[in-house]
Amino acid sequence: MSFIIEMLKNNKLKFLSFLFFSFITSIVGVFTLIFINDYLLKNAQNIPIFYFLILLLVFFTSSTMVELGLSIFGQNFIFKMQKRIVKQILDTPLLRVAKVGKARILASLGSDVRNISFGLLRLPEFLQSSILIFCTSIYLCYLSFEIFIFCAVWIAVIFVTNHFLMMKVYYYFRKARENDDALQNNYQNILDGHKELLINQERAKFYYELEFENNAKAKKKNSTLGNLFNNLSNNWTNVTLLALVGMEFFLALKYNLASVNEATTIALSILFLRTPLVSMISSFPTLLLAKIALDKIEKLELDEYKENFEKIDYIENWKQISFKNVSFSYEENFSLNPVNIDIKKGELIFLIGKNGSGKSTFCMLLTGLFKPSSGEIYVDNMPIDEENLKRYKTLISAVFSDFHLFSKTLSKNGFASEERIAFWLNFLELNNKTNVSDNELTFTKLSTGQKKRLAMLIALLEERDVLVLDEWAADQDPVFRKFFYKKLLPLLKEQGKTIFAITHDDAYFDSADRILLAQDGNISELKGENIKELAKNLVEKFD
Ligand SMILES: Nc1ncnc2c1ncn2[C@@H]1O[C@H](COP(=O)(O)OP(=O)(O)OP(=O)(O)O)[C@@H](O)[C@H]1O
Ligand SMILES: [Mg+2]
């Protein structure tokens, strides 16, 4: 909501000129009515037709200005709102976004932004209709006060009855919006799991009929009912306004409240009012949908909007990263017990441990993506807090086990040089698989193992001091796996990189300077004479 107020404040001038043109349109509309009453209905001798044409021209120009302004304002709004939400997602911590879920965020980015902007577009129309109704009412009042009162009461009754219908519309639209979230989730699962569904017809049938179809049916039902009540409300307004025309004529003539001419003008005025009134009433659902959408976006609980990406200085000349009593727990079941570990610059450290022992969770803390529940991470003597977390992250490049491959070849400041790209493409044996043009990988549809090498390439080009790898070698063939442990890691170490790698490859444990063990949420360092043998024995006992 605050965004809308901010948006209106920033566009004060546009909004005021919009109101001005709305007012002009309404006034000219009323003048047109007066003209019909004073000249056309009274069958006057010298009809100033030129005046009539001018009125129509002004009416046309001012309403076109209003429409044009509205559409520019609307598109601008959608643009700003999208920018805002995407930036908020980029600023929101990982776990919070994961908790909300991709489907809900995608649904908000799609339908909620659209609905809010539609609502906002109807809002000025709503105002314009109100101005028109107000101006026409004054004219009605002037023609016959009694009939005006009668019309006002009649229209008030229409509004009250419509309120009941609108509550129903709101209820069903809100439910339909809930169904949208579920449907978005279905679409995502169907596309992500397309292979699994194609291979197993039974699973596809089950998913299609029991999950997707049920949600789609619920959405259909709720949208239909919402629209039904909305149409009922529109028709009710239309018919009752037509009834008002008849009633007004009857009362005016029966009780001598107005002449035939005046009664005709009043009838015309009511008919003239019909468009803004119906438009006003039919804009309610859009406004209600916008309200639902605003609530939905609020509930995503994304971080505050910050307009710019701040400039972050890299941490230079550091010696070690220290974990001091750092613990972490997920809201559910698992926690990592206090960890006390120093990672010195230039070290090659392996982390081993059973499935579910907390290795990846530790990596999330090391990369600064999870905030410790207690304890602190230090870079030398500097504790990492909210203030310097972004700086801390500049130390690290990572290839996660569920990595996403971005294709831009970014380096520390700007883009990576052609020489470095050529060197690493060659080193990672990717030079006949892909290339780089315009600072972007030209081809990324490679095998899983090759894609991981591409992810490694992108990470290495970033030229950051620490490389965190979560089971990087798991998808590599034996030859490349050996190459990774025996050639790539030693080369990186030689270049001064600090490497923290999660691994299960006991054949290569001797490549590491140090080995850490994760065990039921405890991270400890293997110490002693022959840690490589100890680690191998431990790994054998995992099964
Ligand atoms: N997002 C999450 N929310 C709640 N619990 C989680 C989440 N991710 C992991 N866990 C829990 O934390 C525990 C440790 O998970 P983690 O991914 O750190 O294990 P791991 O050692 O990396 O295992 P693996 O070798 O299978 O990759 C698991 O038992 C899991 O149940
Ligand atoms: Mg893991």
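Even glycines carry a Cβ here, placed using N, Cα and C.
All annotation found in TrEMBL is predicted automatically rather than curated by experts.
Marked as transmembrane segment by TrEMBL: 15-37 (among others).
Summarising the annotation, TrEMBL assigns domain 'ABC transmembrane type-1' to 15-289.
Taken from TrEMBL, the feature transmembrane segment applies to 49-74 (among others).
Away from its own ends, the transmembrane segment (131-160) comes close to residues 19, 22-23, 25-27, 29-30, 33-34, 37, 236-237, 240-241, 244, 247-248, 251-252, 255, 257-258, 262, 265-266, 269-270, 272-273, 276-277, 280-281 of its chain (Cβ-Cβ under 8 Å, at least six residues beyond either end). As annotated by TrEMBL, transmembrane segment applies to 131-160 (among others).
Per TrEMBL, domain 'ABC transporter' is recorded for 321-543.
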Item to check | Arithmetic mean of per-residue pLDDT over the domain 'ABC transporter' (321-543) | outcome: 92
Checklist entry - Near the transmembrane segment (15-37), which same-chain residues lie under 8 Å Cβ to Cβ, leaving out any that are not at least 6 residues past its ends? => result 8, 51-52, 55-56, 58-59, 62-63, 65-66, 69-70, 73, 124, 127-128, 131-132, 134-136, 138-139, 143, 261-262, 264-265, 268-269, 272
